[in-house]
Amino acid sequence: MFFMRMICNCINSISMKAQKMDKPVFGWRRNGDDLSLSDVHSSIRIKPDASTFRRAMAFFGPGYLVAVGYMDPGNWATSLAGGSKFGYTLLAVALVSNIMAIVLQSLCARLAIASGRDLAQACRDAYPKPVAMVLWLLAEIAIIATDIAEVIGTAIGLNLIFGIPLELGVLITALDVFLILYLQKLGFRWVEALVITLLGVIAVCFAIQLALADPDWGQVILGFAPTTEIVTNPDMLYLALGILGATVMPHNLYLHSGIVQTREIGPTIAEKREALKFATLDSTIALMFALLINASILILAAATFNKTGQTNVAELGEAHSLLAPLLGLAIAPTLFGVALLCCGINSTVTATLAGQIVMEGFLKMRLAPWLRRLITRAIAIVPAAGVTIFYGDSGTGQLLILTQVVLSLQLSFAVFPLVMFTSDKAKMGELRSPLWLSAIAWLIAVVIAALNVKLLMDFMG
């Protein structure tokens, strides 16, 4: 009887532990035991006794990694095409897209801090496996589309500065994985430092080019006012959606919800509220900086190309060759090439992290970062190499714009789950989005979906 009682007690103990482990947290089906980016999760300490400024600065960084996606080479192509063809008109789209991005990225930080999950983990928990697999596949397609833009942009940058043929440049881009691995080994702050430094170089390059272009600032200001022609003109809508896809990018939503968790966030509601405040401030400032860069590209195209009748400039190489005679200074195209190369390098860093978050979150599959990077890059290199070999520079611009439209079409499949999760009190607890924020987020989600339906109808028509 004694042994029977011991066995029963052991079984009951094991059963109780299993029930405790299976007990969902808030409205989640599983406990959030899987860590996002486990190798760097909570690796940056935040001292509770530090000053408010120091605690805020501890959250400085992730927003700039997110901002990289808002000024990648694909964005350059759409902004150049929009500025050269329609002047300053599409500045309004860049502004509205940036406001949408600020709202959505704040929701990413909210989801991560409140639930301890990134967006991919949240989708795996909330949806049946077939639905989660579809969302995973769409997220991977978005990352590959992003990577195609980065491959082409980096290859063109290498060609413009060093004269390396595009075909060889496409292959060289596969080597960037070693730089990323080295920096991650040093610590996540080193990754952020590289990205922020290159962003500074990009800003200086465009500041000089804008000073040389001398745009009509009155027209620039008017360009930030939306017009109905953006929706009624199919060509303008196509480029507008390209700008939207290049600005509010699906992979960035997964990325931000993961890298915010590199900070050591306390367990109390007060600590989480403070973390959310600082993380939102970080991403908002970074995205305003990204808007300045995006607007600079479009303004440069409008002031140099559209003004002189060059209304069909979509290829980055063509823009590079036209800048010197139009701006009257030999260094102008070099600055353009340097900024493009910096954007390409930065984008590869963030796409690698996003790919890691998506695969681990949806599939619970942990690949070595170098292997994950090479798989994604190998898939992206095939179409990029094919276009550069058979069509040369003339085809790369169109492929870049196409990748951004593909990203725009994928966007709703990341935005709707994000808005649903952050509006759900059962999942978010006291950190659920307030009603006004949820209303704005739902409006953004519906607008994005409606614009994509309009684009598809125009194509089918």
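Yeah, the Cβs are placed from backbone N, Cα and C, and that goes for glycine too.
Database features, via Swiss-Prot:
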- 56-76: transmembrane segment (TRANSMEM)
- 89-109: transmembrane segment (TRANSMEM)
- 132-152: transmembrane segment (TRANSMEM)
- 160-180: transmembrane segment (TRANSMEM)
- 193-213: transmembrane segment (TRANSMEM)
- 230-250: transmembrane segment (TRANSMEM)
- 285-305: transmembrane segment (TRANSMEM)
- 322-342: transmembrane segment (TRANSMEM)
- 378-398: transmembrane segment (TRANSMEM)
- 399-419: transmembrane segment (TRANSMEM)
- 433-453: transmembrane segment (TRANSMEM)
Stretch among 56-76, 160-180, 285-305, 399-419 sharing the most Cβ pairs under 8 Å with the transmembrane segment (193-213): 285-305
Cβ-Cβ under 8 Å with the transmembrane segment (230-250): same-chain residues at least 6 beyond its ends: 69-70, 72, 74-75, 77-79, 81-82, 85-86, 89-90, 92-94, 97-98, 100-101, 104, 138-139, 142, 146, 294, 401, 404-411, 413-415, 448, 451-452, 454-455, 458
Annotated stretches the transmembrane segment (285-305) and the transmembrane segment (132-152) touching (3 or more Cβ pairs under 8 Å): no
Candidates 89-109, 132-152, 399-419; stretch with most C-beta pairs under 8 Å toward the transmembrane segment (433-453): 399-419
Of 89-109, 160-180, 399-419, whichever stretch has the most CB pairs under 8 A to the transmembrane segment (132-152): 399-419
Positions on the same chain near the transmembrane segment (399-419), where near means CB under 8 A and six or more residues out: 73-78, 81, 104, 107-108, 111, 119, 122-123, 126-127, 135, 138-139, 141-142, 145-146, 148-149, 152-153, 238-239, 241-246, 248-250, 253-254, 314, 316, 383-384, 387, 438, 441-442, 444-445, 448-449, 451-452, 455-456
